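Novice: Before anything else, here's the structure in question.
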Amino acid sequence: MGRQRMAEAGKAPKIVGTVAELRSAVADYRRAGETLGFVPTMGALHEGHIALVKQAQTLADRVVVSIFVNPTQFAPNEDFSRYPRTFDADVDKLAQAGCDLVYAPGREDMYPAGFSTGISIAGPAQGLESDFRPHFFSGVAIVVAKLLLQTAADVAVFGEKDYQQLRVVTQMARDLDLPVRIVPGPTVRESDGLALSSRNRYLTPEERTVAPVIHRALTTAAIAIKAGAVPDAAAAEAEATIARAGLKVDYVAARNAETLAPLASPDEPVRLLAAAWLGTTRLIDNIGV
Ligand code: AMP
């Protein structure tokens with residue numbers, strides 16, 4: 001990558017809301033010979049997002065963060081309308097982090113009347129989240145493809161927190177020859193193991209004390225697998241632990257860490273993935289073995 005600019009912490013990022021403004025700002029960077037890193041988000045930013053911004057700063061000269069609560073990845077019965085929107089606080093955090101450019105398009109900018117294009121992905125998009133949120137990856141794919149084409153970033157950082165999403169986006173970028181490098185960012189956790197998530201703020205204080213059981217159960221399963229346990233059996237045990245804590249489990253699964261296919265041989269890389277409801281909040285997490 002090109003020479004790295006020192007990110008200027010505290011300096012307000014430039015904020016743009018249309019593709020034309022975005023492209024004009026990016027063209028200025030390009031004219032100066034600068035490379036561009038990108039972190040797509042739905043806002044309600046926390047330290048997990050900020051860690052991705054910092055990581056992007058080590059990979060590119062300039063960093064753009066998008067804030068867009070993407071309606072196409074929510075089903076009608078999901079939390080689109082109550083999803084937290086904290087734009088001013090988000091911009092403050094991005095200023096502190098030294099983010100250069102915030103891209104916050106409106107719904108009509110992303111999906112003007114008559115929008116008619118879709119992207120369908122098989123492989124890593126099959127199963128897991130898709131069994132419970134069948135609309136989800138088509139929504140993610142179209143918005144991420146658009147954002148990558150709009151920003152024309154050299155590198156985009158996606159959190160391992162949404163591990164299946166990371167694999168799906170990586171697959172899509174490869175299949176469509178998108179000229180961008182997709183880089184994973186490690187999951188940032190609370191001290192008790194709960195993965196940071198914009199949705200954690202939905203949890204009641206009591207639910208918040210229960211929530212770390214997902215990470216604890218996955219960690220126990222990963223240790224057991226490393227010690228020789230059968231991955232599917234360890235995942236079943238983790239599922240039982242999470243259910244005993246009072247969560248309604250959507251899935252706990254041991255999968256091939258790259259393809260997310262069910263495991264077929266003992267020497268495949270393993271990823272443990274889980275999704276469960278705690279009251280009205282759906283939590284997801286995953287861990288490498
Ligand atoms: P979201 O705003 O939830 O769509 O997430 C935007 C990006 O931040 C995605 O790439 C997520 O995987 C990533 N992300 C969310 N939570 C975390 C976390 N706790 N640690 C690292 N990355 C995260």
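Glycine is no exception: its Cβ is also placed from the backbone N, Cα and C atoms.
Source: prediction; values computed, not measured.
Quick paste of what TrEMBL says about this protein:
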- 42-49, 159-162, Val188, 196-199: ATP binding site (BINDING)
- His49: active site, proton donor (ACT_SITE)
- Gln73: beta-alanine binding site (BINDING)
- Gln73, Gln165: (R)-pantoate binding site (BINDING)
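Show me how these features fit into the shown structure, please.
Specialist: Remark: Met42 (ATP binding site) has Ile67, Phe68, Val69, Asn70, Tyr83, Ser198 as non-local neighbours, by Cβ distance under 8 Å and separation of at least 6 in sequence.
Under the three-state DSSP scheme, His49 (active site, proton donor) falls in the helix class. Sequence-distant neighbours of His49 (active site, proton donor) (same chain, 6+ apart, CB under 8 A from its CB) are Val39, Thr41, Val65, Lys93, Gly159.
Take the CB of Gln73 (beta-alanine binding site) and look out to 10 A: across all protein chains shown you find 21 other CB atoms. For the recorded site, Gln73 (beta-alanine binding site), the DSSP three-state label reads helix.
Spatially close to Gln165 ((R)-pantoate binding site) yet at least six residues away along the chain are Glu129, Phe137, Val140, Phe158, judged by Cβ distances under 8 angstroms.
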Novice: Would you mind listing, in sequence order, the residues at least six apart from Leu45 (ATP binding site) in the same chain with a Cβ closer than 8 Å to its Cβ?
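Specialist: Residues satisfying the criterion: Ile67, Thr86, Ala89, Asp90, Lys93, Leu94, Ser198.
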Novice: When you measure from the Cβ of Gly48 (ATP binding site), which residues in the chain that are at least 6 apart have a Cβ under 8 Å away?
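Specialist: Long-range Cβ contacts: Gly159, Lys161, Thr187, Val188, Ala195, Leu196, Ser197.
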Novice: Are any of the binding-site residues Leu45, Gly48, Gln73, Val188 near ligand 1, with a Cβ under 6 Å from it, and if so which?
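Specialist: List returned for ligand 1: Gly48, Val188.
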Novice: Taking only the Cα atoms, work out how far Gln73 (beta-alanine binding site) lies from Glu160 (ATP binding site), in Å, as a whole number.
Specialist: 18
